[in-house]
């Protein structure tokens, strides 16, 4: 089945929602009806899709009557309230928030890694955290060939991961500082938290709120989601997540330990050359390596700077970059929808 699909996009006016619409159009995703939904505040907004002007409607339980696939990206509270209502009315929900990711009955899917988990869905499929998606997509081919027992990651994440308001704050702060004007941070690192810091010309080692164990919620998302997606509950994972003053594109320095001592850098490169959804950019002699500015607007995960650890024969270092609004959100969601069609699950 594929014809006659009715697709709804919830959060259609947000950064990720806009990218979802662009991705659906770019992929020529086959459907008969597209419904755009948002909060009451954004209802009435006009959006163009494939040359046709559509009006965004206020999301309600009744909005999902007749919907086959609902792509959610309007915040966790909206997903918690409306995703079950969509499922009750027969829709399959692909949710881009953290609301259901660690629910044991909800598959958490990166199609290049665990597409088969889609068979186990009960109406809701969770899209992982942006920084998790790009990392596991890069690590899965290595894990399949050589095993994996440890992952240590430091992330360098773009401001767009915190939403449109954060991007506007980056722009306004940058302009103010260049003009030697005073700034009053209001959003970063966490809107509504006790303190706010300058993001322009700065690096903030906090993404989301701190937990009792000293890790941030973002770091714990990476740790727990990686184990779930890879079906490796005993995998050792540690993460440090940092916000940088760039608009789009997350970068990650990843250290891994595999189960064998005999793998070479060339072995790892050859695996990644053939990996779906991965582009290898790694030639130190030509200063070729991934950078976020080059990844913007592209669906792939880019990997480079692959080195064998100098002390541990089973250790490797990688640099992983991706567009956080595409593979980290919109493209992975649409990929899941495409997989549902391919597997005849919708």
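Any Cβ shown, glycine's included, is placed from N, Cα and C.
The active site, acyl-thioester intermediate annotation in Swiss-Prot covers 130 and rests on sequence analysis. Within the same chain, residues at least 6 positions away in sequence whose Cβ sits under 8 Å from that of residue 130 (active site, acyl-thioester intermediate) are 157, 161, 250, 322, 324, 325, 328, 329.
The feature active site, proton acceptor is assigned by Swiss-Prot to 250. Classification of residue 250 (active site, proton acceptor) by DSSP places it within a strand.
Annotation comment: Swiss-Prot describes 13, 14, 15, 16, 41, 42, 160, 161, 324 as NADP(+) binding site. Its Cβ taken as reference, residue 15 (NADP(+) binding site) is surrounded by 22 other Cβ atoms within 10 Å in the chains shown.
The phosphate binding site annotation in Swiss-Prot covers 101, 221. When secondary structure is read from DSSP and collapsed to three states, residue 221 (phosphate binding site) falls in the helix class. Counting every protein chain shown, 23 other Cβ atoms lie within 10 Å of the Cβ of residue 221 (phosphate binding site).
Secondary structure at residue 157 (substrate binding site), as computed by DSSP, is strand. The substrate binding site annotation in Swiss-Prot covers 157, 243 and is backed by sequence analysis.
Per Swiss-Prot, the feature phosphoserine maps to 98. When secondary structure is read from DSSP and collapsed to three states, residue 98 (phosphoserine) falls in the coil class.
In this view, residue 146 (phosphotyrosine) is surrounded by 20 other Cβ atoms within 10 Å of its Cβ, with every protein chain counted. Taken from Swiss-Prot, the feature phosphotyrosine covers 146, and the record attributes it to experimental evidence.
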Largest separation between Cα atoms (Å) of residues that the record links to NADP(+), namely 13, 14, 15, 16, 41, 42, 160, 161, 324: 26
Spatial neighbours, same chain, of residue 98 (phosphoserine) - Cβ under 8 Å, 6+ residues apart: 76, 129, 221
DSSP three-state assignment (helix, strand or coil) for residue 15 (NADP(+) binding site): helix
All-chain count of other Cβ atoms within 10 Å of residue 13 (NADP(+) binding site): 20
Euclidean distance between Cα atoms of residue 160 (NADP(+) binding site) and residue 101 (phosphate binding site), Å: 21
Protein Cβ atoms within 10 Å of residue 243 (substrate binding site), excluding its own: 27
